[in-house]
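Features as listed in TrEMBL:
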BINDING   ASN58, LYS59, ARG60, ASP61, ASN124, VAL125, GLY126, LYS127, SER128, THR129, GLY168  GTP binding site
DOMAIN    14-172  domain 'CP-type G'
Amino acid sequence: MAINWFPGHMHKARKEIKKIMPQMDLIIEVLDARIPFSSENPLVPALRGHTPLLRVLNKRDLADPDVTARWQPWLEQERGVRTIPLTHKKRNEVLDILDLVREMTPDHDRQKSALRVMILGIPNVGKSTLINTLAGRPIAKTGNEPAVTKAQQTIKLPDNILLYDTPGFLWPKLSPEACGYRLAITGAIRSAVLDFEDIALFEADYLLEAYPEQVQARYGLDELPADGLALMDAIALKRRFLGRRGRPDLHKVAEVLLNEFRSGTLGRISLETPEMIEQEMRDHEEQTVQTP
Ligand SMILES: Nc1nc2c(ncn2[C@@H]2O[C@H](COP(=O)(O)OP(=O)(O)OP(=O)(O)O)[C@@H](O)[C@H]2O)c(=O)[nH]1
């Protein structure tokens, strides 16, 4: 897997965050509810110290609700961490953040000074949409492409909250290796970084294992294919995505699999569970120990 996807501005962002994080009263990290582990910024646990952390599980409308419910206690095991699942489609859910922020900072007197809150999140996670709803006016640019937010800005929210917005190109989690694929499936990492068909193959393998009935129903398959590649072939046949000499056009299948996942057409799907991540981390540690 290609590893050099950190552009220079990410190093700058890291420096900036390191500088201003200690001045914050609270941190809001916007996670993708479909990949709460992979979408975490590893800098946050490393740098936050005792600052309370609110983890927003955004895009919950696209995630498997049972899995999201399992993630909440797992993520809250860390000291000073609370979680809230939400979707931008429900304004009242977004505004509940303000109540939680209040609960998490009981000792701060807002008559005396503004509550300084830093908000961060990987590209395309829905940070700008969230900020605009919280502010009640369009401030942050939104878009379907990663890294629309470029420069840092400060936004005044009701209740004397000062929100420090950070650029969306933060450190993506690269290990275990599967994290990169999951980030790519959700669209957080541009597809050009990893091979497009490889990303879809990773998705196809996972769907077969975790959501076989959903896949079978969506693509009208009589039988469950043996593996991801067989699933891609079967979709090509069903949809008549055939190239030269009647070969399956895997690029087109990849497009369908990724688009239908991202739009929610495939149903509410989570790409990782706490149990999976624990296993992957154990495997990763073993590999690291074995490799001198
Ligand atoms: N389904 C769904 N889509 C959402 C939700 N929140 C945001 N989106 C969509 O996700 C895409 C990215 O949203 P943005 O708010 O621009 O994301 P961002 O994190 O600010 O992105 P950067 O500017 O790259 O940092 C947009 O197409 C939003 O409409 C949500 O709760 N559910």
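Here the Cβ of each residue, glycine as well, is placed from N, Cα and C on the backbone.
Automatic, uncurated: that is what TrEMBL annotation is.
In this view, GLY126 (GTP binding site) is surrounded by 22 other Cβ atoms within 10 Å of its Cβ, with every protein chain counted. Selection of the binding-site residues ARG60, ASN124, SER128 by a Cβ distance under 6 Å from ligand 1 yields, in sequence order, ASN124, SER128. In this structure, the binding-site residues under consideration are ASN58, ASN124, SER128, and the one with the smallest number of other Cβ atoms within 10 Å of its Cβ is SER128. Annotation for ARG60 (GTP binding site): same-chain Cβ neighbours under 8 Å, separated by at least 6 residues, are ALA33, THR68, PRO85, LEU86, THR87. DSSP assigns ASN58 (GTP binding site) to a strand in the three-state reduction.
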